[in-house]
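*Asks:* First the structure, which I've put down as structure tokens, then a few questions once you've had a look.
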Amino acid sequence: MNLIRVTRAERFFGISFIVALSLFWIFPVIVTIKNSLQVDGLNNYVYIFTHKIAGLSIFRSFFNSLIVAVGDTTIILVVGTLAAFAFSKMVFIGRQKIYSIILMCLAIPAIVAVIPFFFILKKLHLYNTLGAVIIAEVAMTVPFAVLMMRNFFDNIPDELMESALIDGATKFQTFRRIYLPLSVPALINLGVLCIMWSFQDYLFPTMFLTNGSLTTATMAVNSFQGAFSFNPIDQGRFYASLVVLGMPAFIIFLFAQRYIANGITSGALKD
Amino acid sequence: MNPSIPVDSGKTIPIKSRQARKWKENVTAYLFIAPLLSIFAVFILYSLYFLIHTSFQNTDISFGKATDAGTNNYRLVLEDSHFYFSVLNNLIFSAGNIFISITIGFIVTVFLSLKFRGSRFFHALFFIPAMLPGALIATVFSMILEYRFGAWNEFLRALGLDFLAKQWLSDPHLAYMSVIVIGVYLIGFPMMYYSADLTTVNTSVLEAAVLDGAGLNRIMWNIVFPLLKNAHKTIIISTLLSSFREFERIYLMTGGGPAQSTEISSIYLFNYFRGAGANIGYVSAASTLLLIIALAISFIQLRMYVKGKKERKSAA
């Protein structure tokens, strides 16, 4: 059912507006695809899949991104959910204070963290490993996970906890056997968001990975640009690589659009 | 906790063991948050200490020969007009993004809610750029907006509009506008907040408005727009905060140039940091000041959130 009832003229106006505006979205897509086919057609795509670019195969860069995304998401889900459960369902000294401080961390600009993280990661011998990017992304994203999962647990009644405790279950058993299974939908939402953010991250991989074989897909956008010259064939190949590097976002969108919408809006600080 | 819960034997729990249980609950809770706290301690608390400590020193990136600098680094940052300028740019860019979100983002959401043939396609089209890596979007547009061979100028010339083909990214005035306008492609997230909030709007209010003869325009701006107050608030705050996290859109389109006109604070720090033999003490001082600004905004947001929660509770 339509939310707003409109006259035919208004409807026509609305649709025209959308169609006209969409041309600005279609323009860059057409340009990119058209340029990716210049000179050599689909062979440009064959080329980028069969050749190393800047000393790196495109599969390797996807693989690196995948490792970072999976590592980052797993840690965030575990750490964030455990903490959120405590903040939501348990009474302890300093609960509200610690929670507020963790929420404040949402505001830390990533660029500010670069220098201290650089130093810490060197000390931990993680610099120039995918682990460095994983742990840096975890540190910046876990506050959101805590916020989102706490909002979720707050909406599950406390009575479940009380009855389980009366039945003799420990806190951890209650978490593991009752709350965790109930929170699977929220965990999926959160997981999809973390994967997406990890794929988008540019700053941390650029700063913490100097070894070319560790290049992630997002870094590759930039390193490939340097690897191709300005002749039309190379430019065609570069555009083709951009199309391919954008594919994960499309795939995530196709399969997980719903989860992203749910995740973002449930984590929002609504009043 | 109810003090008189009967245990198996039917006895009530004595006071002493109640205290013991409270103690135990504290320990268990801290075990739950221990992983979070350890990440927090190593990466956030230590980073803070490190930044503040380094900001009072003169040192390079090897952190080898550090000499005491007193408050000199802070003085230098506060005397650098480019620092203020970069923070101001942040605010202007986020104002631009907010304006785009609550006008175009809002209009698109409402029009798409009219549900016509193909509306799902358009929804996907408007939404997908928000999911793409910012680096990819910035790279594509840096090529499209290039003066001589860029597709946008070629398109304008093909239409015979040569006079409109401008140096979009290399003229200081235009570059400023270009990087803001590219924000249009990121309306995906505002759309998401708006459409989530739109489903909570009471349809009887809208029906009454239609019966009273209000047109789409009036309904949209006088009824729906004020009703989506929560979404507006969320969008404004999150855009403001994310502007301090923004980096690659500008870095890959203009690098902060031309003539530092598009330099936002993250680019300011990055360019300084990347400069040869940069004084890390100076960068740390600038970082600390930037962090204080971002945290202040976040603190205000948190107060609004807590206040809103209290009001809601007392209303219920």
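Cβ coordinates are placed from backbone N, Cα and C, and glycine is handled just like the others.
Under the heading domain 'ABC transmembrane type-1', TrEMBL lists A:62-256. Here TrEMBL flags A:12-33, A:66-87, A:99-120, A:126-147, A:178-199, A:238-256 as transmembrane segment.
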*Asks:* Do at least three CB pairs under 8 A connect the transmembrane segment (A:238-256) and the transmembrane segment (A:126-147), leaving out pairs fewer than 6 apart in sequence?
*Replies:* no
*Asks:* Three or more CB pairs closer than 8 Å, sequence separation of 6 or more: does that hold for the transmembrane segment (A:66-87) against the transmembrane segment (A:178-199)?
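*Replies:* Contact between the transmembrane segment (A:178-199) and the transmembrane segment (A:66-87): present, because at least 3 Cβ pairs are under 8 Å.
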*Asks:* Restricting to the same chain and to residues at least six past its boundaries, which positions have a Cβ under 8 Å from a Cβ of the transmembrane segment (A:12-33)?
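*Replies:* Cβ under 8 Å, 6 or more out: 6, 239, 242-243.
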